[in-house]
Amino acid sequence: MVAKIADVADKSFDYIIIGGGTAGLTAAARLSEDPSISVAVLEAGSPNLDDPKIIIPAQLTKTFTDPQYDWAFTTNPQKNANNRVSLWNRGKGLGGSSAMNFYGWIKPPAADMDAFEKLGNPNWTWKNFEGYSKLTETSHVAAKEHAAVYPHTFNAAYRGTAGPIQVSIPHHLHTLDLLFRQSFENKGLKSVPDPYGGEITGTCLASASMDPKTWTRSYAATGYYQPNKDRSNLTVLTEAFVSRILFGNDEAGKDLTATGVEFFHGGKAYVVHVQKEIILSAGTIKSPHVLELSGIGRPDVLSKIGVDLKINLPGVGENVQEHHMVGITVELDTKGGHETMDFLRDPEYAAKALELHAEGKGLYRMGVTSFAYIPLSTTSPKEAPGLIEGVAQKINDAKRDGKLPPGLAEQLDVQLEILRNDTLPDVEIVAVPCHLVAPSPPEPGKSYVTLFCIIQHPFSRGYIHARSKDPTEQPEIEPNYFDWDFDLEALVQTVKYAKSLSEVEPWKSGNNRELDPGPECKTDEEIRECIRKIPGRLSTTYHTWNFCLSGVK
């Protein structure tokens with residue numbers, strides 16, 4: 001069960017894990033398998049266990065911006081996107097962002113994982129990733145009636161069979177899955193029978209992190225915490241806001257030993273002591289924030305906020321990347337009988353659907369399952385060569401002028417290598433079965449689909465740094481959207497490709513009209529301006545990474 005402050009304050013543990021999210025609860029469960037080891041987890045959010053807003057599917061964004069569940073971080077105004085501020089939703093509470101994501105259970109192409117090895121981390125390979133990822137999951141075969149309608153392969157060699165996260169094909173498959181697949185096939189994009197073996201280029205039916213016994217969310221809290229909550233050597237304290245890591249030797253330049261963690265609970269400051277290791281697992285945005293408040297990071301950043309330097313580690317908070325995303329909203333033909341999550345906007349329908357869900361039936365079993373991963377050479381055969389060579393020239397110029405920090409040149413070279421490989425995906429298109437993008441509002445009684453267009457390997461780099469020594473103040477988030485022109489141009493080409501589905505059957509007959517950005521937005525320049533300027537159009541994909549580099553110092 002969730003601990004009380006008296007169980008943690010001024011106590012000592014072998015391991016302290018900062019953050020009870022996706023990775024934190026996983027690490028806690030694995031470490032506490034050894035009964036001789038004591039583990040404490042400090043989570044800033046509430047338990048939120050068995051909360052309907054979290055565990056019942058088909059409620060996308062229901063927890064967004066609610067401080068009970070969401071950190072709701074915001075970026076700096078983006079100079080290359082009409083000075084717009086971007087909202088970065090992140091999960092707060094046990095399970096972290098695994099408690100608020102869109103249920104998609106997707107694995108990357110093998111080449112993306114093997115790229116880590118090329119950058120100096122020999123343990124990060126597809127082979128190792130595949131083995132460990134299988135340990136996390138129990139994959140369930142789709143129902144026969146669904147496999148008959150939407151043919152796909154379940155390759156047991158790619159799947160886990162005894163892990164704590166339940167993975168399944170949602171049993172309320174929407175008709176859009178087949179519409180999406182057939183339309184892309186008619187554009188010449190192949191289908192991937194089973195996208196979990198390291199080959200994902202093409203269109204595919206994805207699994208979801210749903211437990212088919214209850215049709216509820218399977219995530220870090222249900223998979224790694226709740227089955228182990230009664231272990232006597234596992235202590236999980238929620239509403240414990242970490243302010244900094246404490247060290248026994250505070251002299252700059254000396255080898256430091258972490259001795260504990262300072263945190264706030266109920267408005268008061270407390271300390272918990274550590275005997276072996278502190279594991280920082282506070283998520284994409286808070287991890288560099290905690291490091292800097294603890295005196296670890298760039299000297300100029302720490303000096304600016306008045307924090308004494310303990311370890312000069314310039315990479316903290318740097319090299320931040322985010323997948324840019326743009327949505328296209330399409331109103332579906334009412335004759336198609338498409339059941340989408342838009343139906344749940346009607347309170348009466350939603351109430352009946354909730355009753356059906358309790359019986360294992362109905363629309364609340366729906367997920368996001370239609371994905372396409374596409375090389376730039378496929379979306380834009382004419383434009384791709386020029387865009388790629390433009391990137392190559394910019395990399396060479398930056399190398400020549402000495403403008404790239406240590407390690408970045410190697411990263412960019414690996415990205416360029418992937419970009420030049422016509423068999424690997426550079427962009428992604430996802431069909432979400434509902435209206436999910438402003439500015440045009442949905443109309444009652446109508447069904448929609450939102451096509452999210454996403455770039456996979458952005459070249460722009462940003463940073464995340466503490467604004468002050470106050471741990472409750474949000475860190476500064478500067479993703480530098482479109483700092484590299486390629487990122488914007490690749491997104492423009494992806495939007496054009498997605499919009500061209502309106503010329504292909506059965507997509508052409510399956511929709512009434514493109515609601516946003518609209519058919520009048522069709523040239524490169526019009527799409528470019530739409531992405532930059534229309535509020536709500538450009539978004540994060542919640543895939544931010546590389547703030548605390550895993551590699552050789």
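Glycine is no exception: its Cβ is also placed from the backbone N, Cα and C atoms.
Of all Cβ atoms in the shown protein chains, 25 besides its own fall within 10 Å of the Cβ of V242 (FAD binding site). The FAD binding site annotation in TrEMBL covers V242.
Per TrEMBL, domain 'Glucose-methanol-choline oxidoreductase N-terminal' is recorded for 91-114 (among others). Residues 19-25, 43-49, 54, 57, 60, 63-64, 67-71, 124-126, 129-130, 133, 137, 167, 170, 195-196, 198-201, 206-210, 217, 219-222, 225, 236, 238, 283, 367-369, 371, 373, 418, 421, 424-425, 430, 432, 542 of the same chain lie 6+ residues outside the domain 'Glucose-methanol-choline oxidoreductase N-terminal' (91-114) yet bring a C-beta within less than 8 angstroms of a C-beta in it.
The domain 'Glucose-methanol-choline oxidoreductase N-terminal' annotation in TrEMBL covers 283-297 (among others). Applying DSSP to the domain 'Glucose-methanol-choline oxidoreductase N-terminal' (283-297) sorts its residues as follows: 11 helix, 2 strand, 2 coil.
Remark: secondary structure over the domain 'Glucose-methanol-choline oxidoreductase N-terminal' (91-114) totals 9 helix, 3 strand, 12 coil, with classes taken from DSSP.
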